Amino acid sequence: MKKLFTSESVGRGHPDKICDQISDAILDAYLTWDPHSKVAVETMVSGNNVFIAGEVKSKVTVDVIEIAKNVLRNIGYYSNNTSFITDIKSQSENIAMGVNLQDSDDLGAGDQGFMFGYATNETSQYMPLGITLCNKIVSRAGMLIKNQEFKDAKEDMKTQVTLDYSDPQNVKVDTIIFSCHHNEKYNETKFKNYIKTQILKPVLDEFNLELPERILINPTGKFVIGGPFSDTGLTGRKIIVDTYGGSARHGGGAFSGKDATKLDRSGAYMARWIAKNLVAANIADKIEVQIAYSIGVAKPVSVMVNTFGENKVPEDVVLDAILNNFELTPKGIIKSLNLNKPIYQKSSVYGHFGREDFQFTWESLDKVEAIREFVISKGFNI
């Protein structure tokens, strides 16, 4: 029996991803002028209608409608008939009491919750292979559309990759599904051949993988109606695409539209940074980290590390290495990862983790040596 595992990703024209990009573009606009802005913005798109709502506390105001228009124009789904409804309110005073101590070590979490971070040495990005392939496929397709090389294609797309792990030393691609919005008048044969030869094959070649026999391209036949005209989109509905493609657990909180006092986002970034540095330090082949918080409280209520039985040092030593080398309070996370900068729209498509096109702070490996030194000081060689 085959041992199969599947992951997926979506392009920047997918309705949910349109919303993520609008929400993060609005967040970036606030942070550009007031780095201490507290922002929680949600977007919904449906046909020619765009709804933007949320809570904000900032010294500045921004033109959220113009920001949304620019995002839609850039993707290719804006028209003069697009209408906008906005409802941006002030942040709740009850929440603000716990998170407005921006110069204090007592800066509390903006909400309760738990977050997971994960890393594996399966790829050079310290990411699972499946989600890495999916993100690279849709990213490459988007780049080719932008360069006007992928003819008749539009930005709403999805891909799904099934890997065969029957032989862990010889992982193979079992199935690829690729659905892409296209013009009504197009050459189907050329379109599908281009996808296979110019999108799928170059990505698989990068990982020394062969194209599978089963490749399903637009398996329903046509994909002429796309973007927000085919499906309603919402911010935060692609949380598995945003993270590890199902290879690791998820705390349930979405990222986009939230400033760094929302631990759903910054806590997940910190957990990823921890896990990646631990794996890079050769602590284990794969590691999952969980951090949990209470609203208004600075220190986490729990920290957990799971090495899946592949650890080279005891897990209690690994946990001590985390607690001694990483600042886990909201203020510590924001300062360590420099999260008050307008960097978030870049993260809103093609995955928040394992990215090579941007130097996100949570992807840095600047804690590897400190972790190694700590473990060695406890009497373990790695």
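Numbering starts at 1 and runs along the chain as displayed.
In case you wondered, yes, glycine gets a Cβ from its N, Cα and C as well.
Listed ranges 91-101, 234-244, 300-310; the one Swiss-Prot annotates as region 'Flexible loop' is 91-101. Same-chain residues at least 6 positions away in sequence with a Cβ under 8 Å from that of LYS262 (L-methionine binding site) are, in sequence order, ALA40, GLY110, ASP111, GLY253.
When the Cα atoms are compared, HIS14 (ATP binding site) and GLU42 (K(+) binding site) turn out to be 16 Å apart. The CA atom of LYS258 (ATP binding site) is located 9 Å away from the CA atom of GLU42 (K(+) binding site). Within 10 Å of the Cα of GLU55 (L-methionine binding site), the following binding-site residues from the list ASP16, GLU42, LYS222 place their own Cα: GLU42. Long-range Cβ contacts of LYS222 (ATP binding site) within its own chain (separation 6+, distance under 8 Å): HIS182.
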